[in-house]
Amino acid sequence: MKLEFSIYRYNPDVDNAPRMQDYTLEGEEGRDMMLLDALIQLKEKDPSLSFRRSCREGVCGSDGLNMNGKNGLACITPISALTQPGKKIVIRPLPGLPVIRDLVVDMGQFYAQYEKIKPYLLNNGQNPPAREHLQMPEQREKLDGLYECILCACCSTSCPSFWWNPDKFIGPAGLLAAYRFLIDSRDTETDSRLEGMSDAFSVFRCHSIMNCVSVCPKGLNPTRAIGHIKSMLLQRSA
């Protein structure tokens, strides 16, 4: 079975502009494989092809790509989900971030927005526990669906609001994490966290397009978390 690819290529050291390059690969009839497996095989043929990868298990978030127009992880996306009769599999870097080379993007702006929400527990220490900050099961359960984010950036780079305001809008990944700490019973800085997001851009640039929900490889729902943050901000200002 012949597999045909059209892959984004750009090496700033030698290229004046990006280009799409065609590749072919012979797939084993009756057997599927992940896109990352195909990319590794293509790199064996063309060592100049650049992309990120690490765990190959959908855990590290390194290999986020745009595949046939939709963001996802190459390591858990089967080729069978991308093949269409008479069409090439089109692979591009995650949109909205500067391209370093080929499919490798500069994640600096994504991480900068994530750091703004202070993604760690803040506790004033006024009531220090004897051993640790305990949580009831129902308190811990509230964090499910919030802490599992692997920072692959698939959500933020599929969001038009992040494309338009990458230095002002925190983005789906950052806001999902922000809500996780806002409702954590061990965190005492809810008010200061909300104050840091009370401007017109940080949260309210989300227009509930829900691209982030559509592409999240972990099945998380940043839009819902952002909606809760909006409600908290509105209640705070009332």
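Keep in mind that glycine also has a Cβ here, set from the backbone N, Cα and C atoms.
Among the candidates Cys206, Cys216, the one that Swiss-Prot lists alongside Cys149, Cys152, Cys155 as binding [4Fe-4S] cluster is Cys216. Annotated [3Fe-4S] cluster binding in Swiss-Prot involves Cys206, Cys212 plus, out of the candidates Cys75, Cys159, the residue Cys159. Comparing the Cα of Trp164 (ubiquinone binding site) with the Cα of every entry in Cys55, Cys149, Cys152, Cys206, Cys212, these being the binding-site residues, the smallest distance points to Cys206. Listed in chain order, the extra residues whose Cβ falls within 8 Å of the Cβ center of the [4Fe-4S] cluster site residues Cys149, Cys152, Cys155, Cys216 are Gly61, Ile150, Leu151, Ala153, Cys154, Ser156, Pro172, Ala173, Leu176, Cys212, Val215, Pro217, Lys218, Leu220, Pro222. Residues near Cys216 ([4Fe-4S] cluster binding site) in space but far in sequence (CB under 8 A, at least 6 apart, same chain), listed by position: Cys154, Cys155, Pro222. In terms of Cα spacing, the binding-site residues Cys152, Cys159, Cys206, Cys212 that come within 10 Å of Cys60 ([2Fe-2S] cluster binding site) are Cys152.
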